[in-house]
């Protein structure tokens, strides 16, 4: 075993020595091998009486016969491996392959020249094998002839020759693919010629005149057969060419009155209808014994498969799709069975039925109707089913219809607060709207150009993947890519920066797979973005009171989420990413749809400027909370309220707030003294979590975790936002209990992993661009709704004018219980040490959190100094223990003074 490994190691070292030779040495070796090949050729073809040259020639002819010159050509090829720097061309592979080819050719020449019943002595005689394959070819050929036979031996040598070529590096499969493609192009070219000139192939080919009676009768018979054919249904194309012909014929008839600008289109229509027979024309020509040319399906049309259309260029695909849309737009679809109608046809049919009296133009000559075609934007956003067969099969089930078609007509708006006669909801007309928010601002031609450039970029990097489709939305266009055989997803994902550079795009995001398909999605930003306003999405919220508008996804569809099903949400993003705007859109959604009896709010705004406009709303339990300690008290009150509601549900036998409120409305808890009112939902919104975690981290974290774990049934929900998604702010306990997360633009992939447990948020564009992960599902690209300050002020003023706020000030003075320790049990907090603030000043001044330093400066024992240090950690002044090193100091002098002021105010409360 060891000897075998040693031999293998020696061979490996020898190969590395050959491949790692310096450039001059490789050139010298290549020149020497080429010189030997040249000497062989000169010796064989130039007659000379020189002793050495003549002897060398005789030796070559004795060994290799008439194939001796092939040895020179093989040596030329071998010398080429030393001149090239291509690492794929190896000396050992090329030499082995050439040797195998050379010996196979020698044996093949001998086998070809062997006569029947030849003996071994005759074949191995020098007078014979010198004129064949030499002694080498004679030896191998005789063995094959004796044991396998001549035919089998030749077949074996042919296969051996091909194997040697493959060993040398000849791409045999690529050559076959090229040959098949060339044959297919030739057949397609011949088929196109036959379509253009059918008479040449059908009449003149058989030596008959086109005007002969036999030809006329055969054409009439063909036209009669064509008239009797039944219409077949092929996807969105309802009619055959024959049924579309009357309209085309009428267009040709009236082409004389067209303007010069319309002449090219008329000429194109005339060419299309030159060889088409209409039913009326068929009967007329049958009576007059003259029939227009109608080519039968040729033999090549049966040989060329349908999927061969995939080899066409993108320009041809685009032209065919535009022409197909023009044809299908004018085609009535009333007779198509319901199960064969595509969504595009259904929407077109509805539009045509609704506007028949206004859109139909009657033609006096042919009594046919022409409906208005589908708009350009609708074609651009629809999934093109005619690009590839595979994309056509999937486009009907996944984003087959454009968002502009599906969601143009808004549903009937029903809001939960409409049933309250004492309270009037704000009108949706107060909100701004953008009618084009569901579609892309880019034209179809721009998207096709981007699709073609993306395909070229993939080919440049050696990928065989194919861009089969695209879906365009208000912000990005998602291109669907079908992976090549044997390619890995990571190979495409690693090209994000290269694709962005090639397409001059700001950021490119690649994800796989697209839900419901086997495609890879490449999201490329549009040149111009469409703004999504709250008034565009909110009308689609038709469910419960906690449904809020999020935005529109990458295909333009509205995204509506229900907070009661989440049941909590975590929002994170850097400054300027649109985090506060999204929170404002959610608050506005609640205000526009619900009354104060249905939903109550607690807003925490440590930044003091984001939620100040909402002060005075009747939906608020308390004024907007700005102090961190008061925020901790409000969260603790929410925990107490949760426990109270759960105990209430337990006594009533209700599972959640829905069943309890249903019992209340049925009057099960009413008595003669008082009437029980339904419980409102409670939504706690925190605009900046990092500031709360810095000041009152353990109190805030404990309350958030308890609410996240138990408050769903009680109807209490959290919306937590932060601009610093680090591990010490969004802790593991918070993440594990909040599954629904929104990641706006972040600075690094690490922050994206903290929020979504995966990268991708660092490649967002900002200004409302987000990844929405709803209840642990795959993240969805969404452009958030924008709400202006003017809209907020108008809605808030409208609500303030109807009702006064009913604040509960006791919420801000809620007693905070003991914090949870590592084991989960409670532990009473003792009163602060009298020396704690002096110790805090010492630690902040020295920026060194050492217990020994406090022991020495305060003249106290080590145990008391340790307790003081734990109190400082609980207040967030110093960090946790760091082994033998001093603790980290988390505050400076100014922050310590501000913290003292807040602590004094908190004690007064």
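Quick reminder: no glycine exception, Cβ is built from N, Cα and C everywhere.
No curator has checked TrEMBL annotations; they are predicted automatically.
According to TrEMBL, the ATP binding site annotation covers 573, 574, 575, 576, 577, 578, 579, 580. In the three-state DSSP scheme, residue 575 (ATP binding site) falls into the coil class.
According to TrEMBL, the feature compositional bias 'Basic and acidic residues' maps to 259-271 (among others).
For 316-329 (among others), the entry in TrEMBL reads compositional bias 'Basic and acidic residues'.
The feature compositional bias 'Polar residues' is assigned by TrEMBL to 370-399 (among others).
Residues or ranges marked as compositional bias 'Polar residues' in TrEMBL: 429-447 (among others).
Residues annotated as domain 'FtsK' in TrEMBL: 556-753.
Residues annotated as region 'Disordered' in TrEMBL: 245-273 (among others).
The feature region 'Disordered' is assigned by TrEMBL to 316-339 (among others).
Positions annotated as region 'Disordered' by TrEMBL: 368-447 (among others).
Among residues of the same chain six or more beyond the transmembrane segment (28-47), those with a C-beta under 8 A of the stretch's C-beta atoms are 21, 53, 56-57, 60-61, 68-69, 71-76, 78-83. The transmembrane segment feature in TrEMBL is assigned to 28-47 (among others).
Annotation comment: TrEMBL describes 59-84 (among others) as transmembrane segment.
The transmembrane segment annotation in TrEMBL covers 96-117 (among others).
Feature annotation from TrEMBL assigns transmembrane segment to 129-145 (among others).
Sequence annotations record features per position, and here TrEMBL assigns transmembrane segment to 152-176 (among others).
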Exercise. Who are the long-range neighbours of the transmembrane segment (152-176) in its own chain, taking Cβ under 8 Å and residues 6 or more past its ends?
Worked result: 77, 88-89, 93-94, 96-101, 103-105, 107-108, 111-112, 141, 144-145
Seminar exercise, completed: The most crowded of the binding-site residues 574, 575, 577, 580, judged by neighbouring Cβ atoms within 10 Å of its own Cβ, is 577
Problem set entry | Residues that sit under 8 angstroms from residue 579 (ATP binding site) by C-beta distance, when 6+ apart in the chain | 571, 572, 573, 721, 723, 744
Problem set entry | pLDDT averaged over every residue in the domain 'FtsK' (556-753) | 89
Seminar exercise, completed: For the compositional bias 'Polar residues' (429-447), the DSSP helix/strand/coil residue counts are 6 helix, 0 strand, 13 coil
For this session: Check the binding-site residues 576, 578 for other C-beta atoms within 10 angstroms of each C-beta and report the one with the most.
Result: 578
Exercise. Setting 573, 574, 575, 576, 577, 578, 579, 580 aside, what same-chain residues sit with their Cβ within 8 Å of the center of the Cβ atoms that define the ATP site, listed in sequence order?
Worked result: 723, 744, 745, 766
Exercise. So, in DSSP terms, is residue 580 (ATP binding site) helix, strand, or coil?
Worked result: helix
Seminar exercise, completed: residue 573 (ATP binding site) has its Cβ surrounded, within 10 angstroms, by a count of other Cβ atoms equal to 28
